[in-house]
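Asker: Have a look at this one.
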Amino acid sequence: MNDDFEHKHQSIWSALRIQSRVIGALLMREIITRYGRHNIGFLWLLLEPIIFTVGVVILWNITHSLHGFRVPVTPFVVTGYSSLLLWRTCSFRGLKAIEPNRSLLHHRPVKIQDIFFARMLLEVAGVTASFVLLIIVMVGIDLMNFPADLPLLVIGWLFLCWFSACLGIILGCLSEHSDLVERLWHPGSYFLLAVSGTFFMVDWLPQTFQKVVLWFPMTNAVEMMRAGYWGYSNHFHFSVAYTFLCCLSMTLVALLLMGDRRMKMLT
């Protein structure tokens, strides 16, 4: 019986090692395909979000007097636009993720899950690295203060990563069955942008609208991040338990969709 247990244990670890190598190879393929081998190559994965966010920071600081903001603009934009880039890039990279990689599925070790995991991991890693670097640089040049509650900011960001990856996988699976999903997501993402917390804090809204926007898990995650940055100097609204349950539910949906028989027929 012990021999059977050890054999199963070794088999599991062997399978995990194989799949980790597969995902690593898919990551490298995705980077080379997207950014090439010339110039700065994969560093664009880090620089693209930074350039976009810095551009918005400069623009919003120039027009600061028109906004009537109750908080400093730079940390508000850095936390808001980094979160926006995360779920938008994950969702759009998830759409039709299988189609350009369909030939790889003829290789036995390569699974549909590996393609999605590689894409989501690449997007999450790129935006996370740019977000961390932006905070370090902005703190270093005194445009931002060090976060008041760093663990809470990290928890909010991790929730956002979790949500974004699940969203990308769900949309990717659905888009393989119907082109309508991709067409509907483009306008749908703008609606989600309006309630995502990128452009507002929940406390600024009327109570009726506060209840509405807090139904969206990414809004809770952004509020957590900003609560982690400003601490108790402002009033924030979020629910860790609700955000966790939403992300867990989305994970189950994503796993069910990836394991669906119709997805397996794509191979």
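A Cβ is built for glycine as well, from the same backbone N, Cα and C atoms used for every other residue.
No curator has checked TrEMBL annotations; they are predicted automatically.
Features from TrEMBL:
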DOMAIN    23-228  domain 'ABC-2 type transporter transmembrane'
TRANSMEM  40-62  transmembrane segment
TRANSMEM  74-95  transmembrane segment
TRANSMEM  116-141  transmembrane segment
TRANSMEM  153-175  transmembrane segment
TRANSMEM  187-205  transmembrane segment
TRANSMEM  236-258  transmembrane segment
Asker: Are there three or more C-beta pairs under 8 angstroms joining the transmembrane segment (40-62) and the transmembrane segment (153-175), sequence spacing 6 or more?
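Answerer: The answer is no, given that the two segments have fewer than 3 Cβ pairs within the 8 Å cut-off.
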Asker: Give the nonlocal contacts of the transmembrane segment (74-95) in its own chain as ranges (CB under 8 Å, at least six residues past its ends).
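Answerer: Residues packing against the transmembrane segment (74-95) from afar: 49, 52-53, 56-57, 60-61, 116, 119-120, 122-124, 126-128, 130-131, 134-135, 138, 143-145, 157, 160-161, 163-165, 167-172, 175, 181-182, 185, 189, 192-193, 196-199, 218, 221-222, 225-226, 229-230.
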